[in-house]
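Look at TrEMBL and you will find 6-25, 37-56, 68-91, 127-147, 167-193, 250-269, 281-299 tagged as transmembrane segment.
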Amino acid sequence: EEEYKIDSLFYRICYFCFILGVNFYQNRCSKARCVSLIIVAVNCCMNLYLVGYIAYLCLSQKFEANRVATSIAMGTWVLQATLSTLFLAFWQSRNEPGKVIELLYEANKGAGIHHSRHCLVEIVRSFYFAIGLTIVFKVGLMIAYQFDYKVGFMDEELPMVFGDRRLFLIVQFSCMYCMLCWTVALFIFSLLVHSTYFEFRYFNEQVRSIKCNYENRTDEALCNYLLELMKTHSRLTECVKSLDKMFNRYAFLMIATIIPVTIFSLFMITHRPDRTCVMQVLLSCPLVFFCLFTFFTLVDPPSQLHDTIYSTKSALCANTHIWFPYRPNVYHSALAFACHLDQTNLGVSIWGFAVVSKPLVLTTLSVMVTCLATFLQLGDC
């Protein structure tokens, strides 16, 4: 039974969150939750102040394309980390991840998770790697700022956020704290969406493997099996709706902010009026990597989930063992099942505006490339 449990993998990610002090689960005492609230509030307020200061620098100084692009990217990046920290605390206070995990096991006893457990283990390993990379990157920035080394195209006035360059270290620790929480929230999103995707993929394999074998040797047995599959699909549908309710606002805010960050970060790498600034470009590359990694982490698992949900009906219609030879009882049961599967709006939505799907991802990438080409052409003006 231990192999069926996703909560052991989920806890490995959440345990790091508990180390950071973000623990708002209702089974904790009020004093412990108050301490967590103070820690989160102080760091989020400090980051919001930094975002406001970056906006002030962009509006008050002379316009320089690379400096403004870097400032907007960094400011939005800090804002994303702050919002992710708040969402993480909100999910914990309502125990929404636990509800999704419970629905996953009520649907099909975690069979899909059991067959794809190695993929979930790889996600957890990627989480540890991302945490280590984030810490190394932020510590490297701290050391560079302490020795007054110019990092990338960063605004030289940014370390004076508190009036003294030495106090900028406090802001950097606060940013690193929220970025670590952002990494936790991002991998919770990835782990739960991938788990639901594996459950639907296993369910599709069950639909494809329907045959008139020893277990379903009579029409009545086959009709009953189709009815059980319909009930399983209904439970999986409830799980997807709960997943969408948990992540739709988070996906909307993260995707809406990561698109301009990715465009501006790519702009500052590709737009190089001075060919001698190779070192600045190299130091700005980690920001581009993090932006691209975050974008594909946000859109790839939900688009795979939507594609798998949509392909269930195709798997049912392609199974000739159900439709031939013609049997009235089986035919009507399969037809009812096909009508039940006709739900094209299932998946993780962007606050209800649109479901994240592969066509949406392709359209978004096309718009991003078009905007980047436009900015590169206007960058010399």
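Note that Cβ sites are derived from N, Cα and C of the backbone, with glycine treated the same way.
When the stretches 6-25, 37-56, 68-91, 127-147, 167-193 are ranked by Cβ pairs under 8 Å to the transmembrane segment (250-269), first place goes to 68-91. When the stretches 6-25, 127-147, 167-193 are ranked by Cβ pairs under 8 Å to the transmembrane segment (37-56), first place goes to 167-193.
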